[in-house]
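Per TrEMBL, the features are:
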- 1-150: domain 'Cytochrome b561' (DOMAIN)
- 12-31: transmembrane segment (TRANSMEM)
- 46-64: transmembrane segment (TRANSMEM)
- 76-100: transmembrane segment (TRANSMEM)
- 120-140: transmembrane segment (TRANSMEM)
Amino acid sequence: MNSEKLFTIHKYIMIITFYILLPIGMTFAIFRSKIGKNWYTYHKHIMLTVLLLAFIGISISLYAKDLEGEKNIHSLSTRHGLVGILLVILLLLNIGWAIIVRRYVKDEGSWLTRSMWLNGHRVFGTLIVITLIYNLYLGNKIYDERFLKK
């Protein structure tokens, strides 16, 4: 398989991951009172799928770069690559915040209250959305320049 096909696969995996699955996962959390008691299970599984697909998409792009003779570290020389790595770091931090820190949340009388935890999770989520919109723009621009304007 050539690099153009691999980059196309990368593009569609990332579009499905960040334009479809991520908003669905966020919707379960936002409308949890209307969804019912299983909202957290749906939210958690979808968001972990988002992380897994992001890693798969990145791996495919690194393999495509390798086929072109470019060392993987050079993928970080583009703004899209750097912002993509930042996005994955934000995803990991948000999942870590959601899973690990949540265990220590108390309603009152603790250094970490539920509102602090929830606000932190929302801030990470907002940063992720802003970052992914920018990175999808960068990725589409690179893809169009490389493959559509031949």
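Count begins at 1; order follows the chain as displayed.
In case you wondered, yes, glycine gets a Cβ from its N, Cα and C as well.
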Next on the checklist: Restricting to CB pairs under 8 Å, which listed stretch, 46-64, 76-100, 120-140, is in contact most with the transmembrane segment (12-31)?
Outcome noted: 46-64
Item to check | Helix-strand-coil residue split for the domain 'Cytochrome b561' (1-150), DSSP-based | outcome: 127 helix, 2 strand, 21 coil
